[in-house]
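Listed in TrEMBL:
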TRANSMEM  35-53  transmembrane segment
DOMAIN    35-542  domain 'Major facilitator superfamily (MFS) profile'
TRANSMEM  73-94  transmembrane segment
TRANSMEM  101-120  transmembrane segment
TRANSMEM  126-146  transmembrane segment
TRANSMEM  192-211  transmembrane segment
TRANSMEM  232-251  transmembrane segment
TRANSMEM  263-283  transmembrane segment
TRANSMEM  304-325  transmembrane segment
TRANSMEM  337-358  transmembrane segment
TRANSMEM  365-386  transmembrane segment
TRANSMEM  392-414  transmembrane segment
TRANSMEM  519-537  transmembrane segment
């Protein structure tokens, strides 16, 4: 070894020791810069909630303006695809190319997509805008990972609370603003999506300015080493699997049956790719996309419970407003107020959960209690009838507690049950799993309520109408008008009286009540399964240390290039 090589080796050793010492000195410290970054990153997460909630509340307003009511479901479905299909791959790529610019670029894409939606004049343009804007949802996993890794592990409960807490405020804003903007003017959806676009772009700019992390060791790898680490075969197989399954679920009964080629072919391709992905991960690449270091017993069980959490969340999110509208005739504004109660409670429950987890290091108890409140909520909702509208205001308190506790406890357990260098991949999988659970839950609950409606609605309307004097020859026209939700046309059918309209409305409400009851019973059963599963989780108490997985406040020393 000549003198030049010897000097170079000494410099490398000195730089390594310097960086390790800086890392040790950073342990346990929380600075103003850390808090600023946490809030900046949380703003990006909050933006995705504005987008998601608005996309769930405004499809009917959008189609009233641009048409395409038969494609209404895609307005919401297309933005969830990114969270399920691309999040795991992007989170893995973040280890090699950094989190910052991936967050900034996807948030800007979200802003562009929302602007396209706000300017759209046909349903195709709306769906394209949502497809582009949905890229921003990838930020949910990246922001959770960033806020968790820049703070000491002993504050992991607070890290997750500070990420998810602001999303409760965003949900309230989304519910109330979207409801107010669309109450008397369906064109109001344009203003709402302008608002979301502005929020996305501002959040991206704030993160670009505030978040300046040091380079990771994985970012210093050669392009060949990065390409190998990305595990493109495993990532590609997973994308095909999830995309095929999601397309099949979205198309099922909307408008195609399971025997139709659209649904069946997509489902077969997705399931085949899922099997191929599993075989590849088990036997071919153990340190790739599905790194075997991830799948401890605790992490795997937490993933399963997060899947259930997604199922029960989508039930409350999609069917509460539906029930209020159909059974009680509440306006969109009143529906928004009732639903917002759960998010006001969420804002209180999330920081309390963060405090408890930080103080007692027992996230398992938080997750367990969250599912207990979920179970209570759905049991109570299953008992509702035509006279329960006031009661539902109070029931939403239990929903808000469940939302605030369950996701936080499960996320902390999942993150602390995996190696620190895999936190991004672990978080990406948890978010994707929860969203996939929501997609599956939507299909299950739609099938349950549609089964009740198909078997009971027409016979109930027929009995009610004929028993109160509707002439049999006019029954067909009357049924067509009622099932098309066109009360004006129904009233014009010869032989129809106010009394017939009233009893038919009562019959409809009774059938819908049965359908909603079945949905809530099914959701309660899922909650019980989640509740039981949380009992078998283990508190990673030894992981609540002063260690910081990716500190911001260190100055790295580079060996000279000579």
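Going from the start of the chain as shown, residues are counted 1 onward.
Here the Cβ of each residue, glycine as well, is placed from N, Cα and C on the backbone.
Automated prediction, rather than curation, is the source of TrEMBL annotations.
Segment contact holds for the transmembrane segment (73-94) and the transmembrane segment (232-251), given three or more CB pairs below 8 angstroms at sequence separation of 6 or more. Sequence-distant contacts of the transmembrane segment (35-53) (same chain, at least 6 residues past either end, Cβ-Cβ under 8 Å): 79, 103, 107, 110, 114, 133, 136-137, 139-140, 143-144, 146-147, 150-151, 159, 162-167, 169-171, 173-175, 178, 195-196, 199-200, 202-204, 206-207, 210-211, 552.
Long-range contacts of the transmembrane segment (392-414) within the same chain, counting only residues at least 6 positions beyond its ends with a Cβ under 8 Å from a Cβ of the stretch, are 144, 156-157, 160-161, 164, 168, 298-299, 302-303, 305-306, 309, 312-313, 316, 320, 324, 338-339, 341-350, 352-354, 357, 363-374, 376-377, 380-381, 384, 426-427, 430, 434, 530, 534, 537, 539-540. Sequence-remote contacts of a segment are chain residues at least 6 beyond its ends whose Cβ falls under 8 Å from one of its Cβ atoms, and for the transmembrane segment (337-358) they are 154-158, 160-162, 164-165, 168-169, 171-172, 175-176, 179, 316, 320-321, 324, 330, 365-366, 392-393, 396-397, 399-401, 403-405, 408-409, 412, 544.
With pairs at least 6 apart in sequence, the transmembrane segment (263-283) and the transmembrane segment (304-325) have fewer than 3 Cβ pairs within the 8 Å limit; the two do not touch. Between the transmembrane segment (365-386) and the stretches 101-120, 192-211, 232-251, 263-283, 519-537, Cβ pairs under 8 Å are most numerous for 519-537. Residues 41, 44, 47-48, 51, 62, 66, 90, 93-94, 126, 128-139, 142-143, 146, 189-194, 196-198, 200-201, 203-205, 207-208, 211 of the same chain lie 6 or more positions beyond the ends of the transmembrane segment (101-120) yet place their CB under 8 Å from a CB of it. Long-range contacts of the transmembrane segment (519-537) within the same chain: residues 298, 301-302, 304-305, 308-309, 311-312, 315-316, 319, 364, 367-368, 371-372, 374-375, 378-379, 381-382, 384, 406, 409-410, 413, 441, 444-445, 448-449, each at least 6 residues beyond the stretch ends and with a Cβ under 8 Å from a Cβ of the stretch.
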